[in-house]
Amino acid sequence: MPGYYLWTIGCQMNQAESDRLGRLFELWGYSLADKAEDAELVLVNSCVVREHAENKVVNRLHLLRSLKNKNPKLKIALTGCLVGQDISLIKKKFPFVDYIFGPGSMPDWREIPEGFILPLRPPVSANVTIMQGCNNFCTYCVVPYRRGREKSRSIAEIGCEVAELVRRGSREVVLLGQNVDSYGHDLPEKPCLADLLSALHDITGLLRIRFLTSHPKDISQKLIDAMAHLPKVCRSLSLPVQSGDDTILASMRRGYTNQQYRELVERIKTAMPDISLQTDLIVGFPSENEEQFNQSYKLMADIGYDAIHVAAYSPRPQTVAARDMADDVPVIEKKRRLKLIEDLQKETVGKANAALMDTFAEVLVEGLQKNKWQGRTLGGKLVFLESDLPLEGCLVKVKIFKTSPWSLQAKLVNILES
């Protein structure tokens with residue numbers, strides 16, 4: 001049986017698409033290989049959101065070219081955001097790649113029989129893509145140029161996929177999109193994300209629903225109310241701010257101010273005091289000075305996120321920022337600001353997690369990791385526990401006995417649902 005190998009980098013949407021492609025390969029008679037050297041087909045699912053990620057993809061492709069020189073029968077496939085809209089350019093740059101197709105352009109749910117390419121035994125927490133593309137065109141972001149405009153799947157289609165995943169063993173779904181808060185605006189019925197959450201909430205056997213990524217300007221009160229009143233919807237929200245300074249936010253075309261963002265967070269916390277918030281932040285954006293960076297730092301400190309995904313700005317081809325704005329913050333200064341935010345996150349999250357010592361939590365167990373069961377709380381915190389019982393897929397009550405900024409250690413109290 002021929003083998004295939006998947007190399008994936010980037011967001012959870014990339015991972016979801018790789019999972020789907022892997023299932024297709026298996027239906028075509030391939031088996032998963034342990035490494036690229038043992039495969040007849042290698043798929044690279046790429047990301048170019050950051051320069052560092054793009055460099056990794058290019059390096060991987062050149063390694064595969066060397067492998068192909070040794071084994072001319074090897075077939076290489078490339079997808080993801082490196083491909084973008086103009087495949088001919090990629091073919092010229094990487095002529096040794098055999099198959100090239102854009103992100104999300106593989107056969108999808110609407111073109112194949114129901115459940116045809118879902119895994120026979122899906123993970124406890126399964127990714128489900130609900131929409132592709134983005135209409136926002138933030139000045140630093142290449143995604144709209146690579147994934148195109150927003151295109152939503154219908155509630156009925158998504159519901160069928162989720163129901164089938166649950167039937168096969170999943171207990172949680174993570175709804176994915178570049179901007180899930182604008183879900184449905186392109187559909188005839190004009191449903192919104194809150195409508196989708198309500199529809200999925202009724203699926204028997206589904207224990208939890210998560211979603212990402214959100215855009216602060218598109219979060220409605222209806223969505224906040226749905227999160228607050230639907231028990232299966234996790235108290236976890238990714239709320240990328242990108243900067244805490246109004247001038248930088250305007251340069252980024254984010255569509256909100258520092259104060260508007262703070263007011264949104266206040267509304268969310270009023271509705272859900274136990275909400276876990278995560279954010280994305282860019283440091284060293286063109287023209288960002290020390291005072292402007294301090295506005296971002298203060299916002300991070302004031303809100304107290306459970307996770308801050310911080311990155312140093314790197315210009316991305318095709319974007320307005322790369323074309324019209326000088327990348328004028330020195331690399332050494334970007335690194336300094338990056339470390340300050342990382343240190344703040346470690347301190348903030350460490351204190352928040354320490355406050356959970358000796359408390360109880362409900363954890364959905366996803367699987368084994370280094371001989372310990374691994375799962376997440378309703379707020380998305382990573383928890384490890386030891387038990388000889390078969391806990392995969394179980395919802396359990398635990399007592400936390402050890403904390404760190406990155407995870408919690410807990411003891412099993414009892415099984416709530418198996």
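Including glycine, each Cβ sits where the backbone N, Cα and C put it.
Taken from Swiss-Prot, the feature [4Fe-4S] cluster 1 binding site covers C11, C47, C81. Under the DSSP three-state reduction, C47 ([4Fe-4S] cluster 1 binding site) is assigned to coil, being neither helix nor strand.
Of all the Cβ atoms in the protein chains shown, 22 others lie within 10 Å of the Cβ of C141 ([4Fe-4S] cluster 2 binding site). According to Swiss-Prot, the [4Fe-4S] cluster 2 binding site annotation covers C134, C138, C141, on the basis of sequence analysis.
On the 0 to 100 pLDDT scale, the model's mean across the domain 'MTTase N-terminal' (2-118) is 83. Taken from Swiss-Prot, the feature domain 'MTTase N-terminal' applies to 2-118, supported by sequence analysis.
Taken from Swiss-Prot, the feature domain 'Radical SAM core' applies to 120-351.
According to Swiss-Prot, the domain 'TRAM' annotation covers 346-414, on the basis of sequence analysis.
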Going by Cα-Cα distance, pick out whichever of the binding-site residues C134, C138, C141 is nearest to C47 ([4Fe-4S] cluster 1 binding site). C141
CA pair C11 ([4Fe-4S] cluster 1 binding site) / C141 ([4Fe-4S] cluster 2 binding site), Å rounded to integer, equals 14
Euclidean distance between Cα atoms of C81 ([4Fe-4S] cluster 1 binding site) and C138 ([4Fe-4S] cluster 2 binding site), Å: 16
[4Fe-4S] cluster 1 site shell beyond C11, C47, C81, criterion: Cβ within 8 Å of Cβ centroid: I9, G10, M13, N14, S46, V48, V49, A53, G80, P103, V143
